[in-house]
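**Student:** Please see the structure below; I have some questions.
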Amino acid sequence: MRHLLSAGDLSRAEAVEILDTTSTMAATQSREIKKLPALRGLTVVNLFFEDSTRTRISFEAAAKRLSADVINFSAKGSSVSKGESLKDTALTLAAMGADAVVIRHQASGAPHRLATSGWIRTPVVNAGDGMHQHPTQALLDAFTMRRHLVGGGEGGDGVGEDLTGAKVVIVGDVLHSRVARSNVDLLHTLGAHVTLVAPPTLLPVGVDTWPCAVSYDLDASIADVRPDAIMMLRVQRERMSSAGGGFFPSPMEYSRRYGLDGTRLAALPEHCVVMHPGPMNRGLEISAKAADSPRSTIVEQVANGVAVRMAVLYLLLAGGTPTEGSR
Amino acid sequence: MTSYLIRAASVLGGERTDLYLADGVIAALGPDAAAAAPRGDGGSAVEVVEIDASTLIALPGLVDLHTHLREPGREDAETVASGTRAAAVGGFTCVHAMANTDPVADTAGVVEQVWRLGQDAGWAQVRPVGAVTVGLRGEQLAELGAMADSAAAVRVFSDDGMCVHDPVLMRRALEYVKAFDGVVAQHAQEPRLTAGALMHEGVVSAALGLTGWPAVAEEAIIARDVLLAEHVGSRVHICHLSTAGSVDIIRWAKARGIDVTAEVTPHHLVLTDEAVRGYDPQFKVNPPLRTAADVAAVRAGLADGTIDIVATDHAPHPDEDKDCEFAAAAMGMTGLETALSVVVEAMVNNPDHDFGWADVARTMSAAPAAIGRVSEQGRPLEVGEPANLVLVDPEATWTVDPPALRTASSNTPFAQRELPARVVATFWRGAATVLDGAPREALRERAGAGA
Amino acid sequence: MTSGATSTTVLSENDISRALTRIAHEILERNKGGTDLVLLGIPTRGAPLARRLGERILDAEGRPEAPLAELVGTLDITMHRDDLRRNPTRALEPTRIPPVGLDEKVVVLVDDVLYSGRTIRAALDAISDLGRPRAVQLAVLVDRGHRELPIRADYIGKNLPTSRSERVSVRLTELDGSDSVVLSS
Ligand SMILES: [Zn+2]
């Protein structure tokens, strides 16, 4: 693995290796001293062209707990209008001696450009690009699911296992969601069965070619699929307005048809976990009752996010093919 | 004045014959040609250059109905001189310069300026295209009559880059240009359906998370415009048609007797949206690259005459407008120097279609000249006709090397691709603009000295 | 093995067994019994060696039924290596510390071969992140010399003078199907 650009690039073995490494990293995070020296002397740059305090802090914590130096580079709003800035920024980072770049960008494919244009030679981690991919989110979701649905093994994290046979329902704005794309790719690789549920306006043309089922009816999906995990995607209220695309008539109608309320929560199988990548719109795609229920993994997902990002940074920066180390 | 004796060229890929070019016309053909050429005994003031064309094909000089020369305004991307020189290397003797310059070519003054720059450059005939609406804003008709009556004698009007989407305005434009035998060339793109669009909407855009440009946004405008043209009894031309549905609509319209013509670009004949998977902005173009089924449909449409012409939509951009993230990149590709080779690859060398060199001459010379009402271009290679012709080596192959191209920009989607057929020589008004595949720089000096 | 290479078995299955038994007794002797002891095996091959030593210690103390996991753990030092960038790393192994923790314990690090000493330096760093032992000792099956750091072993199965070009291969039943130490050149 040279870069992490898309969850779709990962083989099953690579994905399981990341999840297993995450498990080791997560174990170190319950220690008194959480810091590991693995990346001492290396510099990780967080290059954020789009605001996301949560994701930036998660990557920053991950890098720092591996003893890397972290430079936060916020370039919000400087990109699409003046596209050359991505190249210039990359050249600047290369000159500053960055060892890895974590990039968040509103333009789909920007991390891919950064990794493949020859502007910079370091590993690139995609921290979310436009409507394309958010691979570390999918990895932390898969890690969370594996811990709850598979379990066993060292630390109860299902080490060495994939998600074969797990049934996952993903609900909401698939069209604009990089989280949905990454999850469909990764969960399919790991052997899970995914059903996307959304109003037809919020599904992309071409979704029928994705390795998953598609439904417009949440109640029927809960009843028919009997999911092991249900993931509610964030829906932006402005998608309703005609300026925002007019994708649905009103928040009320959306939440009646596609929100996870108390009734639907009760209809889920006993063991089904409730997930959300955050930040939540309580009362729109998810009710407070569902978000705060004991089966919600939403807070745990945040904690797992740090461990996943530690694993990814570790494998990209220290990784290589396994060989005998010198004794 | 130099004259040219072209030996044993295969005219339109048919019989081999000699051609003698003198005084700007084809002075003699066949056995008469050699006899007509003065003996090189020093007794004549005319220098005769003899060219062995025994492996070459002769076509009428190519005519491009859709070229962005960028001058005035974006001389960093292309100038009239650099663009027409590239055109000559590509085998063109006439190009139509699109109106989306800065300032926009929406007045007699600007179109005359572009026309003069073309005259001065001396590489090919430049026919300016006039904007349909003031500033391409789609609100008010530009002074179409003044442009038609100017020295540039504009006959093709287009807001290309923008769609004339207001149906009333489009109707008025279609009607108005009838007064001077003009034609409106529509860039068919419904703007609301394509807000923020970056690539063809389909399987690939769904995977890449790039906002889609649906085929229906093109087809809906074409359907509307052929019906409008029928209603008001005008002719209409459709720029860079790119979808299978568009081909069907044009086929239907022609069967119905509507006076519509349509063009396809070389890139839409060979490239698909799969090329965008690497997010390389060199493949960002408007209309976008479509699916393999669309490519098959436009090829079939070109072969059966539904699509009348190939036009390059040559759209040069400086490196900084392509060396960036996909969303930020400019839309467009260069095409003048690769057009003929791409058509040969997609159509002539393609056993699926019955498309010969005569069809190349029809779709890349005669038909575009007719649509643009350029009387001296696209003529048959016969005695007395203007000496606008191109000699092509059909067996040659070459590899596209962007820095080696003559256009001032390097945004070709065909970099490092091996293409068939090479332009060996181009003659415009009897003068060689290209010999041995290279532009004759001396021409420019002469033009400059004569100015 | 490449043709022309010579290899010699320097420790047989019996030799290894005898060496471990001896080391187990030395550990008990030096530390006046097994209370307060924690054995930490360094993966990969230190981990089974530590388990074998632990079993022998419990046997010698007459409490063979006592849970081994309270005496023996593993310590992955990969992330503490100072040559992480130069040597492509192996995948991480679990670190498992006995529930009693390391504070005020006598920690015996267990590894198969002692060579440059860099692994042990990394292990000492790793331990300091996990607690504060009263003392740290080192047991190795083979000491092949060529130290690059001021580190020595407290318990040694066999001192094996080698040249740097030679290779010491430790095979253990748990991982490799049989027990042996082979020197090849
Ligand atoms: Zn256009």
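Yeah, the Cβs are placed from backbone N, Cα and C, and that goes for glycine too.
Whatever TrEMBL says is automated annotation, not expert-curated.
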**Student:** If I go by TrEMBL, which of B:N100, B:N349 binds substrate at the same site as B:H68, B:L69, B:R70, B:N286, B:H317?
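**Tutor:** It is B:N100, as the record lists it for that site.
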**Student:** Quick check: of B:H200, B:H231, B:H237, B:H240, which does TrEMBL put in the same Zn(2+) 2 site as B:D160, B:H187?
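**Tutor:** Candidate in the recorded Zn(2+) 2 site: B:H240.
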**Student:** Please identify which of B:D313, B:D319, B:D321, B:D323 is recorded by TrEMBL as part of the Zn(2+) 1 site containing B:H66, B:H68, B:D160.
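**Tutor:** Of the residues offered, the record points to B:D313.
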**Student:** Can you tell me the mean pLDDT for the domain 'Dihydroorotase catalytic' (B:58-243)?
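**Tutor:** A mean pLDDT of 97 is what the predicted model shows over the domain 'Dihydroorotase catalytic' (B:58-243).
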**Student:** With the Cβ atom as the reference point and anything under 6 Å counting, tell me which of the binding-site residues (B:H66, B:H68, B:L69, B:R70, B:N100, B:D160) are near ligand 1.
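**Tutor:** Close enough to ligand 1 are B:D160.
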**Student:** Near B:H66 (Zn(2+) 1 binding site), how many other Cβ atoms are within 10 Å of its Cβ?
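**Tutor:** The answer is 28.
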**Student:** If you count Cβ atoms within 10 Å of the Cβ of B:D160 (Zn(2+) 1 binding site), leaving out that atom itself, what do you get?
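**Tutor:** Other Cβ atoms within 10 Å of B:D160 (Zn(2+) 1 binding site): 26.
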**Student:** List the residues of the same chain that sit at least 6 positions away from B:D313 (active site) in sequence and have their Cβ under 8 Å from its Cβ, in sequence order, or write 'none'.
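**Tutor:** Within the chain, B:D313 (active site) has Cβ neighbours under 8 Å at B:H66, B:T67, B:H68, B:C239, B:H240, B:T265, B:H267, B:V285, B:G332, B:M333, B:G335.
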**Student:** Whole-number Å distance between the CA of B:D160 (Zn(2+) 1 binding site) and the CA of B:H317 (substrate binding site)?
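**Tutor:** The separation of the Cα atoms works out to 16 Å.
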**Student:** Determine the Cβ neighbour count for B:L69 (substrate binding site): the number of other Cβ atoms within 10 Å of its Cβ.
**Tutor:** 31
